[in-house]
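Straight from TrEMBL, the features:
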type     : residues  : note
COMPBIAS : A:1-21    : compositional bias 'Basic and acidic residues'
COMPBIAS : A:470-490 : compositional bias 'Gly residues'
DOMAIN   : A:43-81   : domain 'RING-type'
DOMAIN   : A:125-177 : domain 'TRAF-type'
DOMAIN   : A:180-224 : domain 'TRAF-type'
REGION   : A:1-24    : region 'Disordered'
REGION   : A:450-513 : region 'Disordered'
ZN_FING  : A:125-177 : zinc finger
ZN_FING  : A:180-224 : zinc finger
């Protein structure tokens, strides 16, 4: 019974202590006894007076916790080594009561508590009476550790204790009371301008309209230097204020200014956003410039190596350009040009043939150089590789343009040949006509000679034989122009100078048509 | 960890009421470590000798036995050259009811009655069994040589 009660009381204390966040009230094994040591009442394991004594079947008695702990290590009785079954332990109530009645000192004797009582009552003492027990300040923010006897004194002065503000009736921490008085809305405050007194709460409203308060002009932001009591502002200053007259303008300019400022801000933000992009673009451009420079260098090199190639391409470009420039101009010149072109081209082609060989060699040298560069500068290897690829592509495209140019040139040449052959045909025709005319004249002359030697039967009219011969000569001329030409050499010296040229001109005119 | 009250009590009692021929002093910086001096028991080959020992109380004490070792060289069949002691209560026969005092008294008793049938130092035990007188003489020599203060 007694042991039960002590158990209950300690467990209650424990719970309460935990709630308070305090240490356990006391350790029963560290209690100090008034009695001189009585070995017969002591546990042979802990060497203290029995706490909850239990006996084993062998007759030996120990504290319950001591024997249970010992049996965990060895199952024999600590005194006689007889095997003990833990369930066979039984309480020794009389011994427990004797031990509970032993007088003990309060565990806080060292702190000054001189209380002594029976062991069973020490829990109660510590719980209710002992003023040397540790506790915590009850104020949440403080929670200072102190002895129970000092608590009331501490509570008087605890800086975290809440006290009533006598003015506004709110709870304020004691340490902040003087600070609170500076802002307490119920505190009476004297207006520094009109020297009237009211609570702080009302003073805050009053100060906005105190007639004696010195305020600047309402247009001070635009530059009015006037300051004076509020009541004079409306009454005397405003009617005279030079800024009042332009208040509207000032207002407009202010709003405009604000809008501009905002816009400026926006633009600034945009600028900030764009700046990195610009930088990026700049970088890209510089990169491109570098690559272009590189390419032009290569091109120059190549041009130096294979000048004919470049010239060839250039020539084609030139001719194409000229064709485009003068598409409707005298076609008379075009064949001439074409003829020259083809001639030049042939020359150029010969040149190319020679130059190409040179170029190939040079290219080989170039590529060799590039390879050596690659092997020399390992870091440049990738760049060089890319460079080679791009060059390759460039050469390919050049080749394509060249083939296109070649095709167009071929076409042009064909055209030129065609026109030339047509012209030749016309010339042949006109020459044939001339030949015919000559033959007719020769015919006429022969007839006249015959008539002179042999008197003619009758002089024929000079126009009619020409006309008739012209008609017949058309068919006859076609048959034997070869025979008439050597014969035509003599009359040419007499009457030819004008005629052939005329005929030639005629032929030309016909081609023109 | 706080020192159990039992150790404090035992130490106090060892100081206040020492067992005859035994002194044990706790180290100031480690109250679980004791310097022990045992006088050689009369009527034994170790008579007149002063033997130094060390004793350490492990964390589990009194549920596990203290660790005891001779620091002084001794010619004894149950004590090896490292000073380790073959004594049942220091091993499997330990009981939490035993104390430092009782352990040291047991060691003292072991000096009085060597047990060559449960040896730790085999050569000494052999010597003891074959020629006890010679062995006792060696033990006396060793005591004079090593255990005289």
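Every residue, even glycine, has its Cβ placed from backbone N, Cα and C.
Just so you know, TrEMBL annotations never went through curation; they're auto-generated.
Residues 3, 7, 28-29, 33, 88-92, 95-96, 99, 102, 119 of the same chain, all 6+ positions outside the domain 'RING-type' (A:43-81), place their C-beta atoms under 8 angstroms from a C-beta of that stretch.
Taken together, the residues in the domain 'TRAF-type' (A:180-224) have a mean pLDDT of 82 on the 0 to 100 scale. Residue counts of the domain 'RING-type' (A:43-81) by helix, strand and coil are 10 helix, 8 strand, 21 coil (DSSP-based).
Note on the domain 'TRAF-type' (A:180-224): DSSP counts are 14 helix, 9 strand, 22 coil.
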